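Features as listed in Swiss-Prot:
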- Asp20: active site, nucleophile (ACT_SITE)
- Lys62: active site, schiff-base intermediate with substrate (ACT_SITE)
- Asp20, Ala22, Asp196: Mg(2+) binding site (BINDING)
Amino acid sequence: MTDLQIAVDPTTDVEALILDWAGTVVDFGSFAPTSIFVEAFARAYDFPVTLDEARQPMGLGKWDHIAALGRLPSVDARWQARFGHPMSHAEVDHLYHTFMPLQIAAVTRFADPIPGVLPVLDALRGQGMKIGSCSGYPRPVMETLVPAAADHGYRPDHWVATDDLKAGGRPGPWMALANVIELGVNAVHRCIKVDDAVPGISEGLNAGMWTVGLSVSGNEFGATWEAFAAMSEAEIAARRAPAEAKLRAAGAHYVIDTLADIAPVIADINRRLAAGERP
């Protein structure tokens, strides 16, 4: 356990973290969903999409992600040239049903925690912090990922899948708020929503929470841990800058490299809460 101490006032300070999964706690670079989108398009329609295209709608529920991917100008132009019409609802359904078994089969390979994250979460939990979570993955994928992550030591207090709630998923606030209810958090302004993608930042803002974007560990940076570790400081800075800019433009209150860097943010938010500030 890391030696992390944050003075905590249980009546006023941050009470809960609401964490995304891929690119936030597990799967450095968020490769499990993106690589499978590419494979699903190839299998279902022998249609190529690039990894960069697959990353652009990241954070949405996976059916919505496929539909948004089909609306990207580059994908839509190629689709219409190939098939003579925009991607239809039925075609999105077919892609989704192709995607799901591939994702379920692959997700356990991407359950490794992001380096440095678990010791920080253990230390925070030891000080009374509640750990909630939600994902753009549907429940069948989460039912495979959650026990795999537990085998690696990550066990949040609660998790919500993108298809669990009648109201829907991101960018709406509902998954984050379902965590608030389940965890018994006393006020949404005492929660921090942490995510590596824009829809997750919007989710936190819509829920009335503080939001923290992750500029290196997730979708926007888009590198494996091994590739990141081999980069020079200049290379890291060049890739971090647009990721940080995108997350800040989405409204993130803070942007850090990875969840392992969250402690100073919590301390600063506690200071702001004590001064009467709200998200």
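From the backbone N, Cα and C atoms, a Cβ is placed for every residue, glycine too.
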Rounded Cα distance in angstrom between Ala22 (Mg(2+) binding site) and Lys62 (active site, schiff-base intermediate with substrate) is 13
Recorded positions considered: Lys62, Asp196; fewest surrounding Cβ atoms within 10 Å belongs to Lys62
DSSP says Lys62 (active site, schiff-base intermediate with substrate), in three-state terms, is helix
Counting every protein chain shown, other Cβ atoms within 10 Å of the Cβ of Ala22 (Mg(2+) binding site) number 30
Surrounding the recorded Mg(2+) site, with Cβ no more than 8 Å from the Cβ centroid of Asp20, Ala22, Asp196 and those residues left out, we find Trp21, Gly23, Thr24, Val25, Asp27, Ser30, Met58, Gly59, Ser135, Asp195, Ala197, Gly200, Leu214, Ser217, Gly218, Asn219
Quick note, the residue listed as 'active site, nucleophile' and Asp196 (Mg(2+) binding site): C-alpha atoms separated, nearest Å, by 8
The residue listed as 'active site, schiff-base intermediate with substrate' and Asp196 (Mg(2+) binding site), compared by Cα position, are separated in whole Å by 16
The number of other Cβ atoms within 10 Å of the Cβ of Asp20 (active site, nucleophile), counted over all protein chains shown, is 30
